[in-house]
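**Student:** Feature list, courtesy of TrEMBL:
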COMPBIAS  444-458  compositional bias 'Basic and acidic residues'
REGION    438-458  region 'Disordered'
TRANSMEM  39-57  transmembrane segment
TRANSMEM  69-88  transmembrane segment
TRANSMEM  94-117  transmembrane segment
TRANSMEM  137-160  transmembrane segment
TRANSMEM  199-222  transmembrane segment
TRANSMEM  289-311  transmembrane segment
TRANSMEM  323-341  transmembrane segment
TRANSMEM  347-365  transmembrane segment
TRANSMEM  386-404  transmembrane segment
TRANSMEM  410-429  transmembrane segment
Amino acid sequence: MERNLKNVLVISFGFLLLFTAYSGLQSLQSSLNSEEGLGVASLSVLYAALTLSSMFLPPIVIKKLGCKWTIAVSMCCYVAYSLGNFYASWYTLIPTSMILGLGGAPLWSAKCTYLTIAGSLYAEKTGKNAKDIINQYFGIFFLVFQTSGVWGNLISSLILSQSSNKVEITEEDLECCGAYNCMTDTTNNTASERPSNSLIYTLIGVYTASGVLAVLLVIIFLDQIKSDQAETEKEKLEEPSFWSTFLATFRHLKDKRQCLLIPLTMYSGFEQAFLTGDYSKNYITCALGIHYVGYMMICFAGINSLCSLLFGKISQFTGRKLLFALAAVLNTGCMIALLLWKPHPKQLAVFFVIPGLWGVSDAVWQTQTNALYGILFEKNKEAAFANYRLWESVGFVIAFAYSTKLQVYVKTYILLSVLVLSMVTYGAVEYLEAKSSPGTPAATKKENGGCHSQETRM
């Protein structure tokens, strides 16, 4: 096997193993560690740490350790989070959430850097176009990586479905499910009933083993980048200082279009947090049981991946405005349905229709918002995407922070309000663009390799 391709596959399957564990754990936090809101608090801390990490750490860590060891060390941060879940408490889960958040940004930046250098090396050796090879390598990576959400949630559902702690759900219990949920821990036996410790330890053990395998795979089989290419990349990373990167991020807010895109960017964090935190706990776990959460997230992740690929291809024909409108309509419809619907186990299909439609919408928010940033701020991409990571992470932090303090219907109205504001400000951005370049067709450029689109998904 060609050496560069081998390295691409090592990184791809390393990330697959690592995020099989993380995606499963993230989906379960609001249900598995619901006492005093520990699970969602840990996610809030995690994304706050990621926000700081994104602005400061990647250039420094990659410069000191190189790409291979940055990936390996950052992966260990994810393993630490899995270990923290063995005995979940405020003293174990919050510190390990901070560790994971700090390791998240260097991990993704090192992956992007490594694949870019590998593609350039192979193109130089074969005389092919470097951009084509790099895009091909990123295509292989995401083809493998995107399935991690399916495997991680499938493992959790298969293991937790063995629980002997299942209780019969009464009509009285179901009254506390849905938008007008009861704000106490004891009203619903199904929601508060944890699987046995042995099952939880088995699940966390499988996830931890998966993360350890990912680290070993990278350490043993991933080659170091050739020194001349690595030094060239390090020189690029040395250019911005610690503070200049930080200041450039906020100087970019002088651009009116960036300010107008803040609500849309934050909405991406709000809507993802709502599905993984509120829908999974107050609809799925409450009415069906915690073992159904994984199946629900498989539905969301599978449709999201397929639609991301589809929308990336058809956006050049439909334009981004139509896709944004589609996502807004679908999300609004889902929110109205969640406000009116009283979940019941007999309506099993509905539990999966909503995350399916949510997956279609999220595919638009991820692909088109990233593409929009790349098009609008082509000459200042680094500062623009630093803002993207910052404001999306802020959305996650806020949504997870108030998750345990408000009833679901209040959070749904907040989400709907942010969506409406996002569409108004996005419309203003499109108006400014049309005004500044009348008669110019919409750009159809795509971001190179998706380095930015997945970073805040961790």
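For all residues, glycine too, the Cβ spot is worked out from N, Cα and C.
Could you place these features in context, so I can see how deep they sit and what lies close by?
**Tutor:** Long-range contacts of the transmembrane segment (39-57) within the same chain, counting only residues at least 6 positions beyond its ends with a Cβ under 8 Å from a Cβ of the stretch, are 26, 28-33, 81, 88, 90, 93-94, 97-106, 242, 245-246, 249, 269, 273, 276-277, 386, 389-390, 393-394, 396-397, 400-401, 403-404, 455-456, 458.
Panel annotation: around the transmembrane segment (69-88), residues 11, 14, 18, 21-22, 25, 32-33, 38-39, 46, 61-62, 95-97, 99-100, 102-104, 106-107, 109-111, 114, 201, 204, 207-208, 211-212, 214-215, 218-219, 222 of the same chain, lying at least six beyond its termini, place a Cβ under 8 Å from a Cβ of the stretch.
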**Student:** Same chain only, please: residues at least 6 beyond the ends of the transmembrane segment (199-222) with a C-beta under 8 Å from a C-beta of the stretch. Say none if there are none.
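**Tutor:** Beyond its ends, the transmembrane segment (199-222) has Cβ neighbours at 6-7, 10-11, 13-18, 20-22, 24-25, 32, 68, 71-72, 75-76, 78-79, 82-83, 85-86, 152, 155-156, 159-160, 162-163.
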**Student:** Cβ pairs under 8 Å with the transmembrane segment (289-311): which stretch of 94-117, 137-160, 323-341, 386-404 has the most?
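**Tutor:** Maximum Cβ contact count belongs to 137-160.
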**Student:** Apart from its near flanks, which chain residues at least 6 from the ends of the transmembrane segment (323-341) lie with a Cβ under 8 angstroms of it?
**Tutor:** 178-179, 271, 279, 283, 311, 315, 350, 354, 357-358, 360-362, 364-365, 368, 408-409, 412, 415-416, 419, 423, 426
**Student:** Six or more residues beyond either end and a Cβ under 8 Å away: which residues meet both conditions relative to the transmembrane segment (410-429)?
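**Tutor:** For the transmembrane segment (410-429), the nonlocal Cβ contacts are 179, 257, 260-264, 266-267, 270-271, 274, 278, 324, 328, 331-332, 335, 338-339, 372, 376, 399, 402-403.
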**Student:** Give residue numbers and ranges for long-range contacts of the transmembrane segment (137-160): same chain, 6 or more residues beyond its ends, CB-CB under 8 A.
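**Tutor:** Those are 4-5, 8-9, 11-13, 15-16, 18-25, 27-28, 111, 115, 118-119, 195, 199, 202-203, 206-207, 290-298, 300-302, 304-305, 308, 448-451, 454, in sequence order.
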